[in-house]
Amino acid sequence: MNIMDFNVKKLAADAGTFLSRAVQFTEEKLGQAEKTELDAHLENLLSKAECTKIWTEKIMKQTEVLLQPNPNARIEEFVYEKLDRKAPSRINNPELLGQYMIDAGTEFGPGTAYGNALIKCGETQKRIGTADRELIQTSALNFLTPLRNFIEGDYKTIAKERKLLQNKRLDLDAAKTRLKKAKAAETRNSSEQELRITQSEFDRQAEITRLLLEGISSTHAHHLRCLNDFVEAQMTYYAQCYQYMLDLQKQLGSFPSNYLSNNNQTSLTPVPSVLPNAIGSSAVASTSGLAITSPSNLSDLKECSGSRKARVLYDYDAANSTELSLLADEVITVFSVVGMDSDWLMGERGNQKGKVPITYLELLN
């Protein structure tokens, strides 16, 4: 027998098997043929595997949405992953917001209260962006990858063996049907031998499938460990963000209260805290002891020709040689100069002299 004859006979046998399975399946659906039922334990294992697959897919996809809300970015990452190429690094939303704030603060002037606050907020947003990037990387490695490996690996093997079991079951029931319909003794002997073979193959495939399905419990245990890793990554991320915002609030709390209050308010009201009470109390405490210079006092100083002592509220780095760098809590001498911008005074410390922003000062009596 040559190879071509062998292939033709194999194709004919495969076609016959496929037709026999199709007839058996159709007759079962129409209620015209009996169906061998799987044992209850195997059915439960199959149901557990299917349930695990469905919920793992949902959790995995929603976690991807949580970590990367931009659908276009997710599609791009998926394409690069399938091409086995590293996706290009992109700036995330907190980092982009932070950069905009820093650029705006720089243009408005680091010496102004608003410009300085923008820069501080921008730096904090960029730190949050870095923490966000670390959360995504850690979660992808320790949580998403194991879930995806189950869907694309273990479950595909289970589905393949389950399909084989279904085919072996159809072969078995088709053999049973042929045995019932057999009339002649020779035909019955052939049908009985076929039934023994198909029963053996079905039992063997059922055992293989059962062993694979029993591994689902191990899969659950592994995914539980991965879930713990995911929770720890989130805890680290939120703790970092909390600390960054706490530090930022303390920095902003050192600004004069008239700049932190609403623009339409004339009274010097404290800034309401947007964080928990424990955080708000620390920030309020940082400004509660300050006797903030009122705009009227500053106007009086601008109009008089004498000098006054002033306490520096917080650090200031001089932008150029015409300005004077300041250190928080130091006391300097300040006086007005005709023609100087209304937001500035001339400051003097020993032999050092230069312009200083009035919003950084507390006039002393």
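Every residue, even glycine, has its Cβ placed from backbone N, Cα and C.
Where the annotation comes from TrEMBL, it is an automatic prediction and has not been curated.
Noted in TrEMBL for the protein shown:
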- 158-185: coiled coil (COILED)
- 27-261: domain 'BAR' (DOMAIN)
- 305-365: domain 'SH3' (DOMAIN)
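With a cut-off of 8 Å between Cβ atoms, the residues of this chain six or more beyond the coiled coil (158-185) that come close are 17, 20-21, 23-25, 27-28, 33-36, 38, 46, 49, 191-192, 194-195, 197-199, 201-202, 205-206, 208-209, 212-213.
Each residue of the domain 'SH3' (305-365) gets a DSSP state, and the totals for helix, strand and coil are 3 helix, 29 strand, 29 coil.
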